[in-house]
């Protein structure tokens, strides 16, 4: 797996990505705890998390404009710098108002949306096809290894130095990521002149491209269900379950650490072998995350919850690695940035709706029925996606040329 680091452009981008992974391992937990302790209950938390996801979607849209039209180096550098600056600014926003806090978190989400699409597009350009899965597996492995201990570290830092200092530290990590990205070779790979001249008009070309691959559309649908229901509901309920069960935030860190441990296991396996058929394995993994909200619905079952998070982490990262590799393999390099932007824009675009609507449903209907419904629908989304032609192998059955 490590042999892919011999490609210099990928090596620098991976280091930058790993620094963002370190920040991402700590920031969401610290932000969640700080909001719950200083801004009120679950409704405000839903707004803040929704702002981050909405920012990610806006960043994906903006990334579709700039990622193919400008050097990856420039895009990655600016995206990380925006995230770092916004999170540092959010520390002061806590003392001012919730809208200002949401604005800072939204801006950080914009940087995240731009960075992810540009990074995935860069992998597709600088890494040979036969090594794409290893490159994606290594990216997952590095970030998830950090996430294994990240939640526990976040809870520890929060208890020792407080939320403000913890958030500021994550901002510094993102600024360091920007510095490393800036060291990438200038102007390589060459950007698309057409994408820079006519970014919005060329989205029509991207839409035609994604319609050619029905497995891609099926994946977007399943991802949208997972993000807006399965993933969103556990974001809102896990902190409360942790405090109800143990009176502390320790269980939250354990559960999220279990999720990351499952993801690490998936990355290690996929770094050495390629499962067949890829689509069946990927969608089964995505659907398996439905076990997480179902486990959270079971009272006083910490072992079951942690086990579900381990399986959910393994399943989602299996999907991600196979999904990203398929897109990088099937889509032409000059359209990769915009296709990834379209992916993130659509799948994450519905997530803020879940974070806004789910708190109302949790309050009105009760936690258990909402968790069960979200779990069942996530399981069903993975299964139903396999009914679409081409979804079983991530290859369009109509024989459309890859590039």
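Each Cβ is built from the backbone N, Cα and C atoms, and glycine gets one as well.
Because the structure is a prediction, the values reported are computed rather than measured.
The domain 'Major facilitator superfamily (MFS) profile' feature in TrEMBL is assigned to 1-393.
Positions annotated as transmembrane segment by TrEMBL: 12-36 (among others). Sequence-distant contacts of the transmembrane segment (12-36) (same chain, at least 6 residues past either end, Cβ-Cβ under 8 Å): 5, 44-45, 48-49, 52, 72, 76, 80, 83-84, 87, 90, 94, 101, 105, 115, 119, 122-123, 126, 138-139, 142-144, 146-147, 149-151, 153-155, 157-158, 163-164, 166-167, 169-171, 173-174, 176-178, 180-181, 183-184, 235, 239, 249, 252-253, 256, 260.
Marked as transmembrane segment by TrEMBL: 42-66 (among others). Sequence-distant neighbours of the transmembrane segment (42-66) (same chain, 6+ residues past either end, Cβ-Cβ under 8 Å): 31-32, 35-36, 75, 79, 98, 101-103, 105-118, 195, 199-200, 203, 206, 227, 232, 235-236, 239-240, 337-338, 340-345, 348-349, 351-352, 355-356, 358-359, 362-363.
Same-chain residues lying 6 or more positions outside the transmembrane segment (87-110) and placing a CB less than 8 Å from one of its CB atoms are 23, 27, 31, 34-35, 38-39, 44, 47-48, 51-59, 62, 163-164, 167-168, 170-172, 174. What TrEMBL records for 87-110 (among others) is transmembrane segment.
Among the features that TrEMBL reports, transmembrane segment is placed at 152-176 (among others).
Distant neighbours of the transmembrane segment (215-238): 32, 42, 45-46, 49, 53, 252, 255-256, 279, 282-283, 286-287, 289-290, 292-293, 296, 316, 323, 326-327, 343, 346-351, 353-355, 358-359, 362, 367, 370-371, 373-375, 377-378, 380-382, 384-386, 388-391, 393-396; these residues of the same chain sit at least 6 beyond its ends, with a Cβ under 8 Å from one of its Cβ atoms. Taken from TrEMBL, the feature transmembrane segment applies to 215-238 (among others).
Positions annotated as transmembrane segment by TrEMBL: 250-271 (among others). The list of residues near the transmembrane segment (250-271) in space but at least 6 beyond its ends in sequence, with Cβ under 8 angstroms from a Cβ of it, reads 1, 25, 29, 133-134, 136-138, 140-141, 144-152, 154-155, 238-239, 241-242, 285, 302, 305-307, 309-318, 321-322.
Residues or ranges marked as transmembrane segment by TrEMBL: 278-298 (among others). Sequence-distant contacts of the transmembrane segment (278-298) (same chain, at least 6 residues past either end, Cβ-Cβ under 8 Å): 215, 219, 222-223, 226, 229-231, 233-234, 237-238, 241, 266, 304-305, 307-309, 311-312, 314-319, 322-323, 326, 367-368, 371-372, 374-383, 385-386, 390-394.
For 304-327 (among others), the entry in TrEMBL reads transmembrane segment. Proximity of distant same-chain residues to the transmembrane segment (304-327), defined by a Cβ-Cβ separation under 8 Å and at least 6 residues beyond the stretch ends, is recorded for 120, 123-124, 132-133, 136-137, 140, 144, 215-216, 219, 226, 241, 254-256, 258-263, 265-267, 270, 275, 278-279, 281-289, 291-292, 294-296, 298, 336, 339-340, 343, 394.
Marked as transmembrane segment by TrEMBL: 339-362 (among others).
Summarising the annotation, TrEMBL assigns transmembrane segment to 368-388 (among others). Non-local neighbours of the transmembrane segment (368-388) in the same chain are 214-215, 217-219, 221-222, 225-226, 229-230, 232-233, 237, 279-280, 283-294, 296-297, 358, 361-362; each lies 6+ residues outside the stretch with a CB under 8 Å from one of its CB atoms.
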Counting only residues 6 or more past its boundaries, what in the same chain has a CB within less than 8 Å of a CB in the transmembrane segment (152-176)?
19-20, 22-27, 29-31, 33-34, 37-38, 80-81, 83-88, 90-91, 94, 111, 249-250, 252-254, 257
